[in-house]
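> Questions regarding the structure given below will be posed in turn.
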4 protein chains.
Amino acid sequence: MCNSDQFVSSIDPLHPANLIPQLCENMYRQGWVTGTGGGISIRDNNVAYVAPSGVQKERINPEDMFVLTVNDRSVVRAPGRGLKESACTPLFFNAFSIRGALSCIHTHSQNTVMATLLWGKEFRISHQEMIKGVRKGGMSDALTYLDTLVVPIIENTPNEEDLMEGMAEAMHKYPNAPGVLVRRHGIYVWGPTWEKAKAQTECIDYLCELGVKMRLAGMRTVPDDGEAVIP
Amino acid sequence: MCNSDQFVSSIDPLHPANLIPQLCENMYRQGWVTGTGGGISIRDNNVAYVAPSGVQKERINPEDMFVLTVNDRSVVRAPGRGLKESACTPLFFNAFSIRGALSCIHTHSQNTVMATLLWGKEFRISHQEMIKGVRKGGMSDALTYLDTLVVPIIENTPNEEDLMEGMAEAMHKYPNAPGVLVRRHGIYVWGPTWEKAKAQTECIDYLCELGVKMRLAGMRTVPDDGEAVIP
Amino acid sequence: MCNSDQFVSSIDPLHPANLIPQLCENMYRQGWVTGTGGGISIRDNNVAYVAPSGVQKERINPEDMFVLTVNDRSVVRAPGRGLKESACTPLFFNAFSIRGALSCIHTHSQNTVMATLLWGKEFRISHQEMIKGVRKGGMSDALTYLDTLVVPIIENTPNEEDLMEGMAEAMHKYPNAPGVLVRRHGIYVWGPTWEKAKAQTECIDYLCELGVKMRLAGMRTVPDDGEAVIP
Amino acid sequence: MCNSDQFVSSIDPLHPANLIPQLCENMYRQGWVTGTGGGISIRDNNVAYVAPSGVQKERINPEDMFVLTVNDRSVVRAPGRGLKESACTPLFFNAFSIRGALSCIHTHSQNTVMATLLWGKEFRISHQEMIKGVRKGGMSDALTYLDTLVVPIIENTPNEEDLMEGMAEAMHKYPNAPGVLVRRHGIYVWGPTWEKAKAQTECIDYLCELGVKMRLAGMRTVPDDGEAVIP
């Protein structure tokens, strides 16, 4: 491990080390990463950038980044001042290795948590324009208005690292899923670029918010499904 | 088609190419255009400016703009880097050709989507001050406090372009309507200037939000109407 | 009437002509003045500053201001470019003449509109810390935690100017009221300084929001009152 | 008492006198300190910084700060222009003296007020990821996903200073509590640093918001608890 700052000293505002602080601040304003939870990882060729654990997501600096090899998750650059690696790292890497994603986002958005409290093993919604903003498996063709979006819900574990296996399993079982919901916790969403990972996270979050509103108002999110509806 | 950048290099902050990025960022903060959906078009004499498809609406640059002739929708200026024309373009042009509007806005606001889930063929509301911020047909005299705002709701189609005919039909059938709601999708609103298109979108969105709250609380939005109310 | 720009060319950021644009932008972000509705007036000795009618409240410039004599509401300075005087002006002046206020705020906040839909002739709430942020009549001693906040609700009129009489009547009938709610419209709140007018507006809006939530959840806002509660 | 401005003239953006204005503005945007309510205190060795009473929390300047000795709460630096000491000061000092905290935050967040209206003597929630962002007693080890967060609720008093005893009592009775809710008022949360006080406030506020949503939707926040649920 070295501390070479070449990884975090680009003047390009779209360099991962500069972009992650901007995107995290944006997610903070959306209420997705308050209390230091959640984050985003972006790959750049052989390495991946991840913000550290336990920091305020609206106040990250480029020099706070961890940089890890995509290959074996070894740290090639760590920030100073005692910052720790994020427990989300192995989960982000699931998206890189299983789907070939280049970016992965994790939020604690209440819309996603409420969805996991009102649905069972899958969140399902159909006949919504925003479904068209989501790709099959998060990576290939966009879903159409006629498709049903299905996001698997896995059970939470006391340690975030221990979600790795459950998330991987769900990704294999649901090859078309663009993300994985974690009950009483939040969601992981990925994409072939950071732009698409971000847009897909926004679409799925929107659909969770709308789905929760619909269900609480007594409506089905999949019209012809046999899903139970709150009376 | 040429790429002449004269269309997108004004230093006037109110030039359409500079204004659209500002207005899109504002709409993003309102939750109207997350996940790359929605947008705005502004006419400038014979040409109309439209942001491209599938981009993050809070990060648009002037040089990303498409410029099309109002006459026949031919592209006179396209951005580089593989950006595609927005599927909303023909819908925006409905407002230009049928109403003579100079600006048209499209949002995926959840307030409008919820309104389309709770109302049938028309969203109707009366006796609200904000109705006064809306013009007949979006273009002429302002509605009064004593008028009922009626916004037609058309059914969504798998491809956005295919909404063109349905939207045009609704505009002809409802000459006083200042916008058209699209079920499970969002809304199109227009006006004689970008300022008025924007203000009217804000008024109608406010009225959809309030209408949804009222209905879910068991109140009628048109006091003496026979509209069904959630018990 | 003259157009002397001395009224709107101060470099002091707290000068009314500079302050009103900042405060209006802040109110826009709170959702209080979207669609061009609402605004604020600030007195400076013998004159009062008011933003014009029908403009986007987050994009006002100092040179857009109207300046009127407090005495007889004659215009001493008007903006160019065809801007019209705000219809709120006589209502703001009610606060100046009847209460001796130095600032008055008008919002279309949905919290206040919902309160007018759920309460009858008065909005009443007690036993809330935020009540302590409100002064008797908007001007003198602060209410205590043991006081009940009572805000009269007047009926809306098709023309805003016509609210003048009803608002004045309510102010005389309720000398302790710090503001007047207008059914299906919004609220007027005033204070001895712009800071206190703003803080009181925020407190009353907060209490309307909370009161609406409480009532919809089946709780009384005044514990021992005989007020009807949604079952 | 002296007015030495050495306390408030640092160029370090993380100096308490510079940080408190930033953090207060952030809390204002979250809706936690509107109407001048709420605030934050940060200790710096032997002294503590507190913003004054009754000011707009998004417009505080470093030179507005009060600086007091931690030891005996004597004022070593007061702002000019007639600003008064915050009534929250003794409450902040409870956290310093009883828990050894270095920062304490007070909000009027409606999420916390609604929690105090829907729960009795304690707000309880379990099985939520965000619980892991909270430390035992606000100061030591983090709670685990398997722990139940318990925040005592004390009754409000007409004068904020009079909450001092009730808050101290609750802190002694609930040594693991990371904060104290005040019925119909808000919450006090502290931590070993300002970063941790802020993160914990965000986590607890998130959990209050989620808990209220769950309860209003008929769900228990502690699955196996005997807690009454709204039918």
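Backbone N, Cα and C define each Cβ position, glycine as well.
Sharing the feature lines straight out of TrEMBL:
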| type | residues | note |
| --- | --- | --- |
| ACT_SITE | C:Glu129 | active site, proton donor/acceptor |
| BINDING | C:Cys88 | substrate binding site |
| BINDING | C:His106, C:His108, C:His185 | Zn(2+) binding site |
| DOMAIN | C:18-212 | domain 'Class II aldolase/adducin N-terminal' |
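Surface or core, plus neighbours and distances: that's what I need for these features.
A C-beta separation below 8 Å, combined with a sequence spacing of at least six in one chain, links C:Glu129 (active site, proton donor/acceptor) to C:Tyr145. In the three-state DSSP scheme, C:Glu129 (active site, proton donor/acceptor) falls into the helix class.
Using a 10 Å radius centred on the Cβ of C:Cys88 (substrate binding site) and all shown protein chains, the other Cβ atoms total 23.
In sequence order, C:Trp32, C:Val33, C:Thr34, C:Gly35, C:Gly37, C:Gly38, C:His185, C:Gly186 make up the list of same-chain residues 6 or more apart from C:His108 (Zn(2+) binding site) whose Cβ falls under 8 Å from its Cβ. Mapped onto three states, the DSSP output places C:His108 (Zn(2+) binding site) in coil.
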> Checking C:Cys88, C:His106, C:His108, C:His185 - which of these binding-site residues have a CB within less than 8 A of a chain B CB?
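The binding-site residues close to chain B are C:His108, C:His185.
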> Out of C:Cys88, C:His108, C:Glu129, C:His185, which recorded positions come under 8 Å of chain D, measuring Cβ to Cβ?
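From C:Cys88, C:His108, C:Glu129, C:His185, the ones near chain D are C:Glu129.
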> If I take the alpha carbons of C:Cys88 (substrate binding site) and C:His106 (Zn(2+) binding site), what is the distance between them in whole Å?
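Here the two Cα atoms are 8 Å apart.
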> Under 8 Å Cβ to Cβ from C:His106 (Zn(2+) binding site), same chain, six or more residues apart: give me those in sequence order, or none if nothing qualifies.
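Spatial neighbours, sequence-distant, of C:His106 (Zn(2+) binding site): C:Gly38, C:Gly39, C:Ile40, C:Cys88, C:Leu91, C:Phe92, C:Gly186, C:Ile187, C:Tyr188.
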> Tally every other Cβ atom lying within 10 Å of the Cβ atom of C:His185 (Zn(2+) binding site).
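Here the count is 27.
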